[in-house]
Every structure is written in structure tokens, then in C-alpha cells.
Amino acid sequence: KGPRTCGISLTIKDPRWVGAWWLGFLIAAGAVALAAIPYFFFPKEMPKEKRELQFRRKVLAVTDSPARKGKDSPSKQSPGESTKKQDGLVQIAPNLTVIQFIKVFPRVLLQTLRHPIFLLVVLSQVCLSSMAAGMATFLPKFLERQFSITASYANLLIGCLSFPSVIVGIVVGGVLVKRLHLGPVGCGALCLLGMLLCLFFSLPLFFIGCSSHQIAGITHQTSAHPGLELFPSCMEACSCPSDGFNPVCDPSTRVEYITPCHAGCSSRVVQDALDKSQVFYTNCSCVVEGNPVLAGSCDSTCSHLVVPFLLLVSLGSALACLTHTPSFMLILRGVKKEDKTLAVGIQFMFLRILAWMPSPVIHGSAIDTTCVHWALSCGRRAVCRYYNNDLLRNRFIGLQFFFKTGSVICFALVLAVLRQQDKEARTKESRSSPAVEQQLLVSGPGKKPEDSRV
């Protein structure tokens, strides 16, 4: 009784539409190859770095010489000299061999993580990167499912709105740091303000979206649609395959059926138009009043909300990226000069391990829990056909809100630590100033004491 599925005309709105997904990778790979050409014309070594490397090797040779070891024995070394030697080892560490670097790396890592500002800023950046990784991976799919738009249109909107806002946020953050001459406390305040505003503009996203439309046999309501109470007895004679997927929609009741067979349809009609052709299925025993059904999923009733939704997402992304430059400045100013290179390397290592690797897995697992109908392949779950849209929106946006909250907490702690350090520094200066003035008065106008320099 079921209609034959050969010769079905697919459109970009059909859930089975794949398209040339590989074309974007080819274009991106070509752009990266072109951008890499100038690197072939760079010198092997920069002149300045070469002189610094020779100087550091001389320092290392002097430090490790036998005469030096005998002279500076552990019993004769002062704590200050020992600390300077460790700092020198950290400074020379980037120029060691692989084996030597592996031996010294744990000490360098622990020494770098002892900086509270560095640790808190990196944790806040881990939260932001987790948010960005989940958004970049699943936002197109979320828009496609939530607002019933095509994958190409979803990616077009993201490319036109979200990515330019990220660039604007990074540039504006750098301009504010430069124009306002922000110090560490100012950079911390700017980061906290940007994340608080980002968190505020994320709240309306919980309420912008569409509920799932009715799907016969999955989310049916017999009280609202009396014709659905015949499911599945109305199509028992059709022997519909359980793994089939060719959705059709009843425009009058906005009820979707998994296949024309599940709607009890026995005929197929193709209406040719100038730009495209429409496929209808008729003589459907499971449809109310036997109305013809249209091939494809039912359109959403709130597709017009996708633009306001993306505008809020783009605004939040710009505010979050406002923290990029000031947070990086906090890292560079929060560690010693000789530790900056390794601090940046440790920062990106944590971002890869703690954010960019687990975040897509966490978001994907959360999205899978909102599925209401799975397609099976060899008895196992293959792909989700239908989601609970309300649950999908709450969990996806909820994860984003969770990571943003974590970033706000970290930046608030950073600002508190910076203010405490600034307060202690001012207190120390106020205590040392009277002693210096008294010493200058005692020494007289013609004398210059050795310890009078601040």
C-alpha cells in the first residue's frame, strides 16, 4: 500500500539534504595555503634572537662550570642568590634540549601556577573557550532545528553576524586598553564588566525559540488532533519500514509524519512550477479528513525570530571578546619577565586540554539527551531525527550560561586579588616614606646615605 520512494525530488529544506559539505574545506585549505606562502621568505633566525641565544648559552656555561659550583656551594648560597639562580634557569629553559627541558618543565610549571592572577585568568579563558567551542560546533545545528531553517542559511547568518562581532569585540578591547592606559586593576575591571554584560544579554535567549511541532506517533495529542487517535492502526496494512525517513506535513493541522507510509498515503502527485516542483501525497488514511500532505518537514511558526536570536548571540560574543586583550595583558603583567614565554605556552596548553577538547563532547552529550526519536542502524543509535526543542534550547543555552558564569566568577576573583595587592603596595609605600624622609634629615644636606635610595 505504501508509495514507492524512487524519484523523490529533494530540496534544501528536506532533512535528508546533504549538499556539497566538502566544498568549504577545500576553500579554507586553499586560503590557508596562500596565507602560508610569506612564511617561506622569513630568515631561519632573527638577528636579535640569535644574539640573545648566544648570551644565554654563555650564562648557562658560567652557571654550570665546576669552579662556579665549588664557589657557590649550597651552604654558602643565600636565599636571594638561590632564587635568582632558579629564575635564570627558567629564563634559559626555552633554549635547552628536549631532555633537559623535560627535566626542568615540572619546576617551571609549578612556579608559573603559583601566580594567582595567571591561574585565575587562565581558568576564565578556559570557560570562555569552552563556550566558544560549543557555540562554533553546534550553533548551526541548533538554529537549524530550533527555527526550521536550512543549514546553508544558518551558516550564512553566523558568518555575517557572529564572526564580525567577535572581531569588533577584540579590536574594541585593545583600543580601550590603549586609549585609557589601563593598568592591571583597570584591565580586570574591564574584563569583569564585559562578562557581566555578556551574561545579562544571554538571559533572553532562554525564551526565544520554537516548541516542537506535532509528530504522529511521537509527540501526538489526540485531544487536539482527533485524527491522530487512529495511529498506528490506520496504517497497519501498509507494513511501513521502521527505519524509513521521508517526512511529510499536513498543512491544515501542522502534523508531521515520519514517512508517507505512516500517513497511510497511497498516491503521489508532482506539481511542476517555474523554479521548483512540489510533491504531494494523497489518499492518506491517517490524515484528518484525508487531506493531501506535502513532502518535507513542517515549517516553524517562529522562523522570524532567528535574526533577533543571532543578534543577541553576536552582541554577547562581542562583549565576551572584549576581554581578550585585557586578559592577555593581565597574564603578561602577572608573571615575571623571564616566565612570559612559558606562561603563554602553558596558557594555550590548558585551553586545548581543558576547553577545546572536552567542550564539544559535553555539548554533544547534552544535546543527545533531548532527542525524542532516534534512527537505528544495525540495532544501534545512528542519528537523531527529532528533538524536544524546548529542552534543547534550555540545555544548550544553559551550558553557555554556565561557562559564562564561571568566567565572571574568575574575573571577579582576579579583580579582588589585584585590589588587595594594590592596597598592600600602597600601605608598604606609606610606611617606608616617613623612614626615608627621617633618614634624609639625619644625614644632612651634604651627605648621601647608601640606604636612602627607594
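Glycine is treated like the rest: Cβ placed from N, Cα and C.
All annotation found in TrEMBL is predicted automatically rather than curated by experts.
The transmembrane segment feature in TrEMBL is assigned to 20-42, 117-139, 151-177, 189-209, 305-332, 353-376, 396-418. The region 'Disordered' feature in TrEMBL is assigned to 64-87, 424-454. Residues annotated as domain 'Kazal-like' in TrEMBL: 228-288.
Counting Cβ pairs closer than 8 Å to the transmembrane segment (353-376), the top stretch among 117-139, 151-177, 189-209, 305-332, 396-418 is 117-139.
As a whole-number mean, the pLDDT of the domain 'Kazal-like' (228-288) in this prediction is 76. Of the two recorded stretches, the transmembrane segment (189-209) lies close to the transmembrane segment (396-418), with three or more CB pairs under 8 Å once pairs fewer than 6 apart in sequence are set aside.
Counting Cβ pairs closer than 8 Å and at least 6 residues apart in sequence, the transmembrane segment (396-418) and the transmembrane segment (117-139) reach three or more and so form a contact.
Beyond its flanks by at least six residues, the transmembrane segment (151-177) meets 12, 17, 19, 139-140, 143-144, 186-187, 190, 194, 306-307, 310-311, 313-315, 317-326, 329 of its own chain at Cβ-Cβ distances under 8 Å.
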